[in-house]
Amino acid sequence: MINNIPMLTVGALFVIGLYGVLFKRNIIKIAIAVSIIESSTNLFLIVLGYRTGGSIPVYTLAGEFKKMVLPTPQALTLTAIVIGLATTALLLTLIMLLYKHYGTLDVHEIRRLRG
Amino acid sequence: MSWQVHLPALVVSVPLLGAFISIAMVKPRLRNLWFATILVATTILAFLMWRYVAINGTLVYVMGGERWNLTLPSGMTLPIRIIMEVDAFGAFMALAGSIATLASGLFSVRFLDRVNDGNKFVALFFLLFAGMLGLEVTGDFFNFFVFLEIASVASFGLIAFWRDRPEAIEASFKYAVLSTFVALIFLIGVGILYGVYGTLNMAAIAKNMQVGFLEKLALVLFIVSLAMKSGAVPLHMWEPDAYGQAPAGVSCFLVVVGQASLYGMFRIAFSVYGQAFEGSVLAWVIIVLGLLSMFIGVIMAVIQKEAKRLMAYHCISQTGYMLMGIGLGLLALSSSQAMSEYGFTAMKGGIFHIINNAMYKGLLFLTAGSLFYATGTTNLNKLGGLARKMPYTTFMFAVAAAAIAGLPPFNGFVSKLLIYESSFVVHPFLAVVAMVTSILTLASFVKVFQSGFLGPSRDDLNNVREVPLSMVVGMMVLCVMIISLSMMPNWVLANLIEPAARDLVNQASYIQAVMGSGL
C-alpha cells in the first residue's frame, strides 16, 4: 500500500486537474488546472524511474551504491518541465490579451466564435 | 557513404536554424530573401530524402552516435540514442507537407509587408515547419512528443498572430488549452510504454510488443490525443475557430501539420501495434471516427457563411476520408486475402487523399486569403461578382473546388473512387456515407463560387484588384501540383502512393531497420 502512494498521488492530481479544465469558469483557473495535470505527468515519469534505495544516476558521484534510479525518466521530466514552462507562459499571455479585449475572465462570456 | 544519409537530421535542423536567425534580420528585404531561401532549401531536402528512401529503402539515422547507422552498439539489446527512421510513408508525408508549406510561405511573403513584426512571423513559421517535419522523421516516442509540442507552441503564436482581433486570441486560447492537455495525455501514454518495455524507440517497442491491459490503455491515450490534434470529430471544436482566425497562409500550413499528427496515429497503429493487436476493435474505432468526421464536418460546412470557416469544416470532413481509408487497411491487416481484396486499395485511397487534401485544401485557404487581402472580408454575404476583377484567384478556386468535390478528372476523384470501391466491399453503408459527403461538399462549394465570384459586381467592391504576383505564385505552386496529380494518377499511384502503403503495412521491415535481423 505505502509503495503505491506516489501513483495514487499522480491519479489524484490528474483528476483534480481534469475537473478544473472541464468545470471551472475562470480562465486563470483553467490555466492552473492545466499546470496541475502537467505536474501529475512529471511526477508519473519520476515515479516510473524510481527504485527503492537507489542513488543518483550519476556514475562518478554514486559512490558505493550499486543501485541507481533510472536516468532516462529524469531526462524526460526535465524536458517536459521546460516545455510546460513555455506552454504555461503562452497560456498566461493569451489570458492577458483576452482580458484586454473582453474585459472579463469568465469563459462563458468569451465566446464570439460559434456555430 | 554520401552526404544524403544525413537528410533526416538536415530537414529538421535547416528550418530550425532559419527560425533562430530570422529573428535577427534587420532589413525586411533581407528577411524576405532569407524566408524564401530556407523554404526552398527545406523543400529540396525533403524531396531528396524522398528520392533517397525510394531508391535505398528505409533510412535510419542515429543522433549523436559514432556512426550514422549504428543503432545497436555492441552488446546492447535496446537502442539507446535518439533514432530517426524514415520509411517511404514518412518521406512521402514530408514531401507533401513541404510542398504545401512552400506554397503557403510564398503566399505569406507579401503579407509580411503589412505587419510590423514580420521577423517573429517568420521565426514561428519555421519553428512550425521544423516541428512538422520532425514528427514525420522521428522514430522515438519522446522525440515525437517534443516535436508535437514544438509544433503546438508555434501554432498558438501563429493563430493569434492578429492579436488586435479578439476572435483570434480566443481561437488560439481554446486550441492552446486543448492541445496542451492532449499532449500531456500522450506523454502519459509514452510513460506507460516506457514503464513496460524500458525503451522509447518505436521499433524496439514494436519488436517486443505483447498487447495487455497497459498497452491497450496507452493506445487509447495515443489515439485520443492524436485524433484531437488532427481534428477528427468528437474533438474537432477548435479546428474551425483556429483555421478560420489564423492568417490564410498559416491555415494552409496548419492543414499539413494536422496531417502530421494523423501520420503519428497511423504509425503507432500499424508499425508499433500492428499485428500484435488482435481483433478489429482498433480498426473499427478509426473507421467510425472517419465516418463521423466526414459527415458531421460536411453538414456543419454547408450552413456556414464565412468562407474560411466553411473551408475549415471541410477540412474535418476530408480528414474523415483518410481515417476511413487507412482504417479499412488496418481492418485487413491480419488476413492477406482481405488485404488483397480491399485493404490495399483502401490504403492507397487514404494515402492518395492525404497528398490531395494537402494540395487542394491548402489552395482553397490561399484563395480565401487573397479574397481577404483584396476585399477585407471573407463573409460570403458581402462578396459577389469578383470573377472579372480577380481572374487568377477565380480560376484557382474553381480548380481546387472541383478537386475537393471529387469531380472527374481531378485528383480528388481518383482517391475517392479508390475509397468507395474498397469500402463498398466491407459494407455498402460506408460507401454511401462517403458519397453523400462528396455530394454535399460539391453543393457547398457551388454556393461559395456562386456567391463569391459570380453574379453582378457590387458597388462597394469596385476598387478590388487582383492580388500581387508573389501571392499568385504561391497559389500557382499548388494549382500546378493539383493538375499534375490529376493528369498522371497512374504514375503517382505507382511511384508515390504504393511504396508508402507497402511500407506502412510492412511492420517487419520497420522493426528490422533499427533492430537488425540477427536479434
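Even glycines carry a Cβ here, placed using N, Cα and C.
Heads up, TrEMBL stuff is auto-annotated, nobody curated it.
Computed from a predicted structure; not experimentally measured.
Annotated transmembrane segment per TrEMBL: B:6-26, B:88-109, B:121-138, B:144-163, B:175-197, B:217-238, B:250-270, B:282-303, B:310-331, B:351-374, B:395-419, B:467-488 (among others), in sequence order. What TrEMBL records for B:140-441 is domain 'NADH:quinone oxidoreductase/Mrp antiporter transmembrane'.
Note on the transmembrane segment (B:217-238): residues 148, 152, 171, 174-175, 178-179, 182-183, 185-186, 188-190, 192-193, 258-259, 261-262, 264-265, 268-269, 273, 277, 282, 285-286, 289-290, 292-293, 296-297, 315-316, 319-320, 323 of its chain, located 6 or more positions outside it, place their CB under 8 angstroms from a CB of the stretch. Tertiary proximity for the transmembrane segment (B:6-26) is limited to same-chain residues at least six positions away from its ends with a CB under 8 Å from its CB atoms, namely 34-35, 38, 41-42, 45-46, 48-49, 52, 59, 61, 63, 68, 84-86, 94, 98, 119-120, 122-127, 129-130, 133-134, 137. Using a Cβ-Cβ cut-off under 8 Å and counting only residues 6 or more beyond its ends in the same chain, the transmembrane segment (B:282-303) has close neighbours at 219, 223, 227, 231-234, 236, 240, 265, 269, 273, 310-311, 313-328, 330-331, 333, 430, 433-434, 436-437, 440-441, 443-444, 447. Between the transmembrane segment (B:467-488) and the listed ranges B:88-109, B:175-197, B:250-270, B:310-331, the one holding the most Cβ pairs under 8 Å is B:88-109.
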